[in-house]
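What TrEMBL says about this one:
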- 1-54: region 'Disordered' (REGION)
- 1-36: compositional bias 'Polar residues' (COMPBIAS)
- 63-82: transmembrane segment (TRANSMEM)
- 68-563: domain 'Major facilitator superfamily (MFS) profile' (DOMAIN)
- 103-121: transmembrane segment (TRANSMEM)
- 157-178: transmembrane segment (TRANSMEM)
- 190-209: transmembrane segment (TRANSMEM)
- 221-243: transmembrane segment (TRANSMEM)
- 263-286: transmembrane segment (TRANSMEM)
- 293-310: transmembrane segment (TRANSMEM)
- 330-355: transmembrane segment (TRANSMEM)
- 367-387: transmembrane segment (TRANSMEM)
- 407-427: transmembrane segment (TRANSMEM)
- 439-463: transmembrane segment (TRANSMEM)
- 503-529: transmembrane segment (TRANSMEM)
- 540-563: region 'Disordered' (REGION)
- 554-563: compositional bias 'Basic and acidic residues' (COMPBIAS)
Amino acid sequence: MATVGQPSSFQTGMTPMSGDTASTPDITGSVPNSQRPTEKSQEPGNSGVPRGQAENEEYPPTYVALTIMASCLISIFLVSLDRTIVSTAIPYITDEFQSINDIGWYGCAYMLANCAVQLLYGKIYKLYSVKNVFFGAIIIFEVGSVLCGAAPTSKALIIGGAIAGAGSSGVMSGVMQIMVHTVPLAKRPIYSGLFSSVFGISSVVGPLLGGAFTERVSWRWCFYINLPFGAVSIVAVFFLMKAPPAHQRRLPFKERLDQLDPIGLLLFIPCIVCLILALQWGGVVYSWSNARIIVLWVVFGITLIIWIAVQAWKKDNATVPPRAFFQRSILASFSFAITVASSMIILVYYVPLWFQAVKGVSPVKSGLTFLPFVLALVVAAIIGGLLTQRIGYYVPTMPNTGHPRWIGLQVLCGFGIGIGMQQANLAAQTVLPRPDVPVGIALMFFAQQLGGAIFLAVGQSVFTHGLINGLTGVNELNPGKVAEAGATQIRNMVPESLLPKVLAAYNIALTQTWYISVGLMCASIVPTLCMEWKNIKRKEGTGKPQTRGTSVRCDSDRPDYPT
């Protein structure tokens, strides 16, 4: 729910299906059971599961898989839309609640809850039924949306946003988990590309829809819109997906609770909260030397050290098992996800701001002028998915700037980011054995969310200080008041004679902020060089070629597994 036009200081992842006959189109190109390798033909040590615990998996037919994936696309659209749709409605919300001081929390609450529970969902999806956990996440998200839409006070809106954020992190991971059980690994890149495209589209469509709802109906419909579409996703997955039983379902409740790592969770949540608040408040709300900021950094450091020690102590029962995190490709993908997602989020927030401040366009029009970036990102994400599916490998301005130049630059940036957005998730699905895939997927989403939160705060700090420094030399102006006025009000409060100097200061400050995105994309080259050359056309977690329509499964994933 962060603001796109004027970012505030707080802004900031099958069992056999009936009817799968020869006459039915099959998305997997399945071969008869008699031609498939048996359990005995599996070699131990490669599949990531012990000898005798591997079995072939048959995926649903085409029409079922497409319907499930379509409902997942709707889910992705909703949770990503929720991050930006309220941006154009915030002035109306603050007018109704008289809550100007709460603006930052409208986006911060959603983001904090999303980051804090992301890794927890990785463990929950590993221990419990994918379908049930996904339902639970959507319901939590929908409840949060209802609370936001019906909020009688500003505090209720913030609480609803936090609940929706907690649900959204489970929806994002759940979509990838559903895809794992619905589509073979070799065919997943195209769907991952579509997911990335939908995520990018919603980032720009959000403010436009929010403005339309606010002006024509009510800002509360920015949240109520989630209800009917969320219901569609629930119905489609409930009736069509035949998810395997939960891994380790036979474990006693106490042991499963221990595997959720409650100690690690109690340490991780305050750790992340302190980190994000320190980055959001430092240098903007409070000075870096303020006691509040110092305490936040100290608590963050202490809880992080203890959390790392707990993860090393718990080993396979940790929130993030060290053997999974320090796997070469996972660690590289984690770093890659942070850099790419952070680079994108900075451009998503600060390129529209350039159009508003320097070009003088409205917030809605700034969203339209940002379409070259989004369209390029969408096309590149799909192309990246097709290329990965084809070859099998996932490693591969000035104030007077005219239309051709800013359109071309946005296309170039969007294409570069879009073509690599889904590769980290695909790497996690490729190199990890099936039981660890939920944790790997959660790690990648966590990296994207955390990186975006951290570097958006860094961008805010760079922009604010750059703008104030640039305005200091302009006589007859109060730099602080001009910075607080916002991009759309510059021309109303600055004298005509001083406007060129103010616009130049805005342009320089925004250009300096964009350098962060450039640096992040340059840094993303390093982790790509560290990734293993694993082919998605091979079995998950192995180096062996994959028989069409099959995939390695754990014994506990079998339909006849005792519960």
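Each position is counted from 1, following the chain as shown.
Note: Cβ is positioned from N, Cα and C throughout, glycine not excepted.
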Positions whose Cβ lies under 8 angstroms from the transmembrane segment (157-178), at least six residues beyond its ends: 1, 13, 68, 72, 75-76, 78-79, 82, 93, 97, 102, 105-107, 109-118, 121-122, 124-125, 130-131, 133-134, 136-149, 151, 195, 223, 237, 241, 243, 425, 429, 437-438, 441-442, 445, 449
Stretch with greatest number of CB pairs under 8 Å, the transmembrane segment (63-82) reference, 103-121, 221-243, 263-286, 330-355, 439-463 candidates: 221-243
Confidence summary (mean pLDDT) of the domain 'Major facilitator superfamily (MFS) profile' (68-563): 74
Touch test for the transmembrane segment (439-463) and the transmembrane segment (293-310), at least 3 Cβ pairs under 8 Å: no
Non-local residues, at least 6 beyond the ends, that sit with Cβ under 8 Å of the transmembrane segment (263-286): 9-10, 12, 104, 108, 111-112, 115-117, 119-120, 292-293, 296-297, 299-300, 303-304, 306-307, 310-311, 314, 318-319, 450, 453-454, 457-458, 460-461, 464-465
